[in-house]
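Chemist: According to TrEMBL, the record shows the following:
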- 17-80: domain 'P-type ATPase N-terminal' (DOMAIN)
- 55-71: transmembrane segment (TRANSMEM)
- 77-96: transmembrane segment (TRANSMEM)
- 276-298: transmembrane segment (TRANSMEM)
- 324-348: transmembrane segment (TRANSMEM)
- 397: active site, 4-aspartylphosphate intermediate (ACT_SITE)
- 397, 398, 399, 508, 553, 577, 614, 695, 696, 697, 804, 810, 832, 833: ATP binding site (BINDING)
- 397, 399, 829, 833: Mg(2+) binding site (BINDING)
- 855-1106: domain 'P-type ATPase C-terminal' (DOMAIN)
- 887-907: transmembrane segment (TRANSMEM)
- 919-939: transmembrane segment (TRANSMEM)
- 969-995: transmembrane segment (TRANSMEM)
- 1007-1026: transmembrane segment (TRANSMEM)
- 1038-1057: transmembrane segment (TRANSMEM)
- 1192-1231: region 'Disordered' (REGION)
- 1221-1231: compositional bias 'Low complexity' (COMPBIAS)
- 1243-1401: region 'Disordered' (REGION)
- 1244-1269: compositional bias 'Low complexity' (COMPBIAS)
- 1273-1285: compositional bias 'Polar residues' (COMPBIAS)
- 1334-1347: compositional bias 'Low complexity' (COMPBIAS)
- 1358-1369: compositional bias 'Low complexity' (COMPBIAS)
């Protein structure tokens, strides 16, 4: 294969780099870089091109050009001046920004770096731009790497260094890099003679965390691990000096290859603005064509009769003999004259307002500031502010978004016995929904074992008590797996209370800490070994395990494995941990205990899942040494050193060793809900927003967390769609008939969705629905034939939960919902959410534990999910109302002004005559009415922030687009036409030139009339603002009154200029206009006459059919009159988002969770690499894996020949370091509404915030299902467990078959509701209310049916659990699961309860 050959996409297939030869390949990019958009020569054409991408600028340029022709009615400079100002300001802004980029580029390109000069044989200082591919460079501590380098050596004995990748992926924690063993011992001066090394590698590409290449050194071919690549943009930390060889330079480096622009997003309002502008263009052309035709006909037929016009001694444009040319000239004249219909300053004003909203409001909102991490909200773009006020559907990740992604080891199951006495928040919520209260008092012994990431207690395991259990060997192997099967790096002194662990995920840290507490203390790691201090019945000893291979975790494998060798016994063991579905498939069928443990472990995993815990299956197997060394290992070495399809080949080889496993048990880790999530979701639901949760969790876990965070409630009619447990599909899969299985699954999902739709149609209007669907069923639901049907039922649901979904499916679901026209918002915290965030209208990233990839690709960044409430209900709603009102005012005032010009011209036979002076016509948009719309866009507000949060139903106005729909736009434009008619009638009739308004008898002149008409226009448009302003601020007063004062000051000043400059206005105001009493009378009378009908209509509408915000305004006004606030009316403390943070009070959701400190290097993430998916590169590869790869390169057959490698054991570091379904109803007639605040009557653990239902046991008629009932939907009132017909529990993580319902139940039977009067979903024009406690007050009227009472109030109607076919498999209902009657002692131990774990009776 020829090196350097280009692929179709421009990427070279291979690259050959000769190190340190002094000869540079000219085909490789130099290291000088430029990020500027322009150069001195290209600035003018490129900047103009950018400006003329806006249609309005093209129009105004055409108008300005036509003003240079003889047919213009105005002076050319009056059209060119505003155009040049607008374009000039925008281009100067571009130039300033680009100059800043140029200065930064210059600084970067001229940074010094030490480069080995081959001719001089010494290191010299050169600038970055002078570095070339193949050069050897030296980088010192805290410097950035000038290019992509092959790490050759460092000053550490291990040949390692620490780097910070914040500029690449936003992560502040350090990564470890490792030099090849062949070069790590070289000194800096040794490389002077280093001239025979060659690098063969892939061409430049954008894959940040992957690298395929070989180092040819001394006749050996050594594969280069990604751990040996130092990327440009990273900083060297905690290492004094490193030496590297340049592989990619300049714009071929990976950071530049990844510098692709984010997808362009435009708001719904902007798209409507474009349509209005096109309408105004259509109106403009219509006016021009009508005028041109009329004037051509009038000139030909009637002008000859007007002898005083001298029709036969005129120019061509007025020649009766040339009507066609007359019409053409008239069209050009009108095109210039009516140009004021298009607001030239609209785009500039919108951009200014949006920047002020983003930087002034969103970024500085204290209610969105997270004190624990010192993280404020951040608007990364200002283009979508108003879109925040129109969101219909939220697509949310779960882990790290709804939850904290701070893990605690909470429970476990070992050898079929469940351990752990803790009670999760979800279990408490479940109990409260059943009307019981759990005893969550802690055993005093718990405190001495508790530490970060560990919140577990069971006296049967703690303090070495496990050694006297029934099966201590299995328990010992379980703990050993926790201590060995991971990629965690120890840091600090090798003492249990001082050591710190750096893990690529919080789950891994929790498992290693758990092993430490149980007596298996992992404290040292080298490239090929891990050392564990084991405390067993045999005593305490340090045991070293040789790590032969690490089989990495990814979203496809859903497991990770470690192949180790016990040095004492020479046994080779594979430890595997992962999802239950993949582990169970690989268990040894011939190993007797496996089958028994599958049932008990599966049952425990269901119990743990129902409690909201994250579960992981653990297993191991002994590997035949001969088969490993002679068969599997060569295949593994070949796969790992392959330059093509390396990942696929490695996965294929991994499958061959991960088989015949022995089940040990499972772990259960708690990921607590973030603070305020239930209240946030409840408010968002009352605001009419549907919420779709897309998670990779099991269905049971997702449902219970859904109940805990108020996403799912008892009032909802819940459907589950799954293809697991369908007998026909399982048989086809077992037979290996993949096509038949897919066909049956597709049919099952199709029938399920059809049945769901059928049940929905049969239910009463206002019923709340929820759908839970697993990832496999979702695959078929998203197919071309079913996507539309699935979307149809999904949009009728208040909540949709998609379980076991991949990152690609998240993006597909988001695009599906977006295709309906709904405004979608996607929120996530990890790299696996990036595609979803970029697919939605609005992307919100949470700066959490998984790095900053989501934030870097998002439009807005917040620190907590609960901050969505102020972001949407306050800033989104305000921005929507402000922007839309500002835009409508722009078009209103320009329509009013432009039509007065058209009407006056019409009275002059469309001859092109205008009544205004061309200069103040030009200043109408850029001076006299420029400030007011900006003030509207920045300061306008209808209700206070507290009231907007208290009545979230106000948000629905934006969802319905009430302020910018066709009706609203038409009314504003029709109002301008009416007011134009009033002005024209008053002035043209009252100021006719046959009358005089003064004693000297001088009649009205045209320019005097024009000043009066323009004054009336300016005052009228500002009086319109006075009408619509809800809350006055100083800015409103300044803009309204100052703008009018500027007009009068202009008349005074401009009239004083010399005649040749002021022309028609010379001394006009002082000498003619101002002395007229009629002028001042009309200045008051005409605007009032224009505004009176609008005023009376608004008042009538407010009294007879008020808008929602007007009702809230009255409440707010009454509260202020009484000296109260919104909080006083609520009768409780305000739900301040920062209250819990600053009060220091413990929160029930916190538990024992250490505060996240982004500056800490401990218990933070090394990377998110283990969470990578097929499309998104999510993090740097774990250094443990990289070191092991290097060791494999050194000695792939080290089972035969041992090679001692340096360790990276625990040692002290320097302190520098890391750190709604139908809520969107059609707008229709409004009825009287009773306004109730959101929080009245709400109890913290009531139905509105209830968690998963009581696990009620139920039985089915059998495990078979008729073919026709193959895919009937499961309508679940509460999770139930269904036996498989033979008395044995179902296979773990399988849902019962969706078969024929039990007697007395139809498939449509579902969760009972205690609301008999309708739905708690508010009508489209109403403000939704909270549940209302029973009082003597009259019930709500109109479209707001009362919600049920909560807690233990007399009005509460408890929901009774129903047994539903195909319901979610979960533990039994009341109390612990009872052992079967014939249970032996072993089974009694398996069915042990938490009470027995605590030693209680």
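The backbone N, Cα and C atoms fix where each Cβ goes, glycine too.
Caution: TrEMBL annotation is automatic and unverified by curators.
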Chemist: Counting Cβ atoms within 10 Å across all protein chains shown, which of the recorded positions 397, 829, 833 comes out on top?
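Modeler: Most Cβ neighbours within 10 Å: 833.
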Chemist: I'm checking region-level scores; what's the whole-number mean pLDDT for the domain 'P-type ATPase N-terminal' (17-80)?
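Modeler: Summarising the domain 'P-type ATPase N-terminal' (17-80) by its mean pLDDT gives 83.
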Chemist: Can you tell me which recorded stretch out of 324-348, 919-939, 969-995 has the most Cβ pairs within less than 8 Å of the transmembrane segment (1038-1057)?
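Modeler: It is 919-939, which has the most Cβ pairs under 8 Å.
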Chemist: Could you check which of the recorded positions (397, 829, 833) sits closest to residue 696 (ATP binding site), going Cα to Cα?
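Modeler: In terms of Cα distance, residue 696 (ATP binding site) lies closest to 397.
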Chemist: Counting only residues 6 or more past its boundaries, what in the same chain has a CB within less than 8 Å of a CB in the transmembrane segment (276-298)?
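Modeler: Distant contacts of the transmembrane segment (276-298): 55-56, 59, 323-324, 326-328, 330-331, 334-335, 338-339, 341-342, 887, 891, 894-895, 902, 905-906, 909-912, 969.
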Chemist: Compare the Cα of residue 614 (ATP binding site) against each of the recorded positions 397, 829, 833 and report the nearest.
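Modeler: Result: the closest of the recorded positions to residue 614 (ATP binding site) is 397.
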Chemist: Taking 397, 398, 399, 508, 553, 577, 614, 695, 696, 697, 804, 810, 832, 833 as the record's ATP-binding set, what's the max Cα pairwise distance in Å, rounded to a whole number?
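Modeler: Greatest Cα separation within the listed binding residues comes to 25 Å.
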Chemist: What is the Cβ neighbour count of residue 832 (ATP binding site) at a 10 Å cut-off, with all protein chains included?
Modeler: 27
Chemist: Tell me the Cα distance separating residue 397 (active site, 4-aspartylphosphate intermediate) from residue 829 (Mg(2+) binding site), rounded to the nearest angstrom.
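Modeler: Rounded to a whole number, the Cα-Cα distance is 8 Å.
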Chemist: How big is the Cα-to-Cα gap, in Å, between residue 833 (Mg(2+) binding site) and the residue listed as 'active site, 4-aspartylphosphate intermediate'?
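Modeler: Rounded to the nearest whole number, the Cα-Cα distance is 7 Å.
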Chemist: Given the binding-site residues 553, 804, 832, find the one whose Cα is closest in space to the Cα of the residue listed as 'active site, 4-aspartylphosphate intermediate'.
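Modeler: So, spelling it out, the nearest of the binding-site residues is 832.
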Chemist: Can you tell me how the residues of the domain 'P-type ATPase N-terminal' (17-80) break down into helix, strand and coil by DSSP?
Modeler: 26 helix, 2 strand, 36 coil
Chemist: Please work out the number of neighbouring Cβ atoms within 10 Å of the Cβ of residue 399 (ATP binding site), leaving out its own Cβ.
Modeler: 26
